[in-house]
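Record features (TrEMBL):
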{"type": "COMPBIAS", "residues": "300-316", "note": "compositional bias 'Polar residues'"}
{"type": "REGION", "residues": "285-316", "note": "region 'Disordered'"}
{"type": "TRANSMEM", "residues": "23-49", "note": "transmembrane segment"}
{"type": "TRANSMEM", "residues": "70-89", "note": "transmembrane segment"}
{"type": "TRANSMEM", "residues": "132-153", "note": "transmembrane segment"}
{"type": "TRANSMEM", "residues": "165-185", "note": "transmembrane segment"}
{"type": "TRANSMEM", "residues": "197-222", "note": "transmembrane segment"}
{"type": "TRANSMEM", "residues": "234-255", "note": "transmembrane segment"}
{"type": "TRANSMEM", "residues": "261-281", "note": "transmembrane segment"}
Amino acid sequence: MKTAQNLDAAIDVLLGKFVSEKSAAVCAVLTPIAVAAMAITFVFIGLSIARGQHGAPIKETFLRLGRTSFILLISLSAGTYQSFVVSGLDGVGASFIYAVSGETSFAAQLDKMEEPFAALGESLWSDATTGIFPNVALIFAAAIVSLADSAIFSISIGFYVLAKVSVAIVMAVGPAFLLCAAWTPTQKYAENWLGQALNFIFLKVLVTVTAVMLTSFASQFAAHMLTETDTINIIRAVCALLINCIALTIVVLFHPQLASALFGGASIAGVGRAIMHMLLWTPQRTRSHNPPPARPNRIGNASPSGPTSTRSNAISTPRPIYQNLALANLRHQQSRRAP
């Protein structure tokens, strides 16, 4: 009976439909907001250029606009977002799972590990009901085996499904946070979203690795008991199996804490920040306790009729060509107001 595989297949269908529908709805809602934000951005850039207050070179300005357009293309197109972002992050988790466990399907591996428990329970139940009167001790032992099986396997598949649902919810609202990467003041929200998505993905990887390892130990215990049922004290053996399964279940219950400790926890946002900066070709923000250097006042320090000071100021602090006309007009107005 492939319980884990059937549950995993049903959850995949449900979550795939949920992510595709909700992410498309979020993209549709964000489209007018993004258009208005881009219009405001172009207006402010144009005004700063017209006033001579735009100090960035033209190349950097066009590069930033191109980067913003690329982000808008990914975050506002549901098909592009699902093809690149969702599939890419899911591929990262699947690659890690295959690298550390050698298995592509966690549910299939879990069903394979459960076979010794099912065989042991069926063997005990068959032996208990063969005679005229049922053997109460063997029935009790079969019940303990079923309890041990349910304890470890239900918790393992439960945490795996929890990690998959968490990843699906994060992916469904992803376009809203990915759009925040288009502007510097809101870029931190995109970094935090990416860090949280990686945290849930690595939680799924950790659940897969440890669950396969722990259930393998319990399965070997059950398989050994299945071959030695006639020579061992079956009640003590199944009680020992139950104790081992409870101990392994306690380890499985601490998967979120282990994921936070191993894969970053609070610092996972730093990983997301680094990846976001690499994708957007922007330098990382570094905190500095030193005060920012004072910028020279080009207008107030220039004399009304001194071309020498203007020339030396232009040589020491070069400025874009399109600011020369605006600065010349301001100096001319200042010289006319001077007594």
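Placed from the backbone N, Cα and C atoms, the Cβ positions cover glycine too.
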Rank 23-49, 70-89, 197-222 by Cβ pairs under 8 Å to the transmembrane segment (132-153) and hand me the top one.
197-222
So, does the transmembrane segment (234-255) come close enough to the transmembrane segment (23-49) to give 3+ Cβ pairs below 8 Å, pairs being at least 6 apart in sequence?
no
Looking only at the recorded stretches 70-89, 165-185, 234-255, which one has the largest tally of CB-CB distances under 8 Å to the transmembrane segment (197-222)?
234-255
